[in-house]
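Features as listed in TrEMBL:
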TRANSMEM  12-32  transmembrane segment
TRANSMEM  44-64  transmembrane segment
TRANSMEM  107-124  transmembrane segment
TRANSMEM  164-184  transmembrane segment
TRANSMEM  190-210  transmembrane segment
TRANSMEM  222-243  transmembrane segment
TRANSMEM  255-276  transmembrane segment
TRANSMEM  288-307  transmembrane segment
Amino acid sequence: MEPLLGVKIGCLFALLVLTLVCGLIPICFKWFQIDAATGRHRRVLSLLGCASAGVFLGAGLMHMTAEALEGIDSEIQKFKMQNRTEKEGNASDDAGSAQMEYPYGELIISLGFFFVFFLESLALQCCPGAAGESPVQEEWSGTHVLELHSHGSPHLPSKRPLRALVLLLSLSFHSVFEGLAVGLQPTVATAVQLCLAVLAHKGLVVFGVGLRLVQIGTGSRWATLSILSLALMSPMGLVLGLAVTRGDPKGGQGLAQAVLEGVAAGTFLYVTFLEILPRELAGPEAPLAKWGCVATGFAFMAFIALWA
């Protein structure tokens with residue numbers, strides 16, 4: 001076996017095991033179930049949820065959005081260079097260059113945001129009873145914080161199925177691309193370096209996902225299946241990367257990847273700003289402590305972005 005292939009297989013198992021362990025910790029231990037917590041225990045879990053919200057915010061802005069913008073900008077630059085070689089000396093080249101200054105990356109991310117916004121609005125239009133109350137309304141009306149968006153059916157795996165699904169799908173897309181990037185590395189050193197950077201922030205993000213699933217009342221079976229499916233995404237991307245390096249890459253593959261990454265970043269930002277942060281900051285108790293926990297989670301992800 002080639003050394004590079006062996007290292008990448010080791011990275012595959014490392015990504016799989018770390019994701020499973022970090023994601024299943026909040027699900028398997030009853031200590032993380034906030035509905036059964038009281039007093040100091042409940043306050044600690046609330047602050048932990050705020051820290052995980054900061055991690056999500058940092059992952060969305062410093063990793064997913066930044067990587068999507070970088071990828072889209074790179075593909076646009078390639079397109080510009082190709083046009084310049086084909087239209088060298090053409091007077092229309094200047095106009096074409098001016099047009100390419102349009103912020104396409106930001107547009108694609110915004111389209112992902114509005115796509116999920118449209119899906120949720122459509123779902124609430126078709127099922128008005130699914131709207132429920134906003135986090136702030138429920139907090140101040142005395143309703144238990146975990147009863148948000150309840151559909152009244154005991155068979156539903158989650159009381160917020162749409163946004164939980166969006167969160168998992170956006171992270172799944174991102175995880176596939178992370179694994180793909182590791183699988184495409186040409187040397188052992190770059191593969192190990194990138195894998196360590198992915199592992200550093202992936203553990204925190206997946207732990208936050210597990211904590212979120214527990215706090216919104218997802219059944220343990222559905223939560224475990226969700227974490228398992230999410231854990232398989234990075235190894236799947238790594239396998240795809242190995243296949244690409246041993247085959248002929250198709251034209252336009254980089255652009256398609258960049259666009260999908262941008263859409264995933266937009267959906268992730270939607271869930272972060274309209275679901276996770278409002279939920280954690282809705283309560284009136286200890287606002288400065290909550291701010292500090294959110295800022296700490298964000299700062300840690302920003303620090304990891306130096307290597308990721």
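Note: Cβ is positioned from N, Cα and C throughout, glycine not excepted.
When each of the listed stretches 12-32, 44-64, 107-124, 190-210, 255-276 is scored by C-beta pairs under 8 angstroms to the transmembrane segment (288-307), 44-64 comes out highest. Note: the stretches the transmembrane segment (222-243) and the transmembrane segment (44-64) are not in contact (fewer than 3 CB pairs below 8 A, sequence gap of 6 or more). Taking Cβ pairs closer than 8 Å, the transmembrane segment (190-210) reaches residues 4, 7-8, 11, 14-15, 18-19, 22-27, 52-53, 55-56, 59, 63, 167-168, 171, 175, 178, 181-182, 223, 226-227, 230-231, 234, 297, 300-301, 304, 307-308 in its own chain, all 6 or more past its ends.
Here the transmembrane segment (12-32) has Cβ contacts under 8 Å with residues 41, 45, 175, 179, 182, 195, 198-199, 202-204, 206-207, 209-211, 213-214, 220, 223-224, 227-228, 230-232, 234-235, 238-239 of the same chain, all six or more residues outside its ends.
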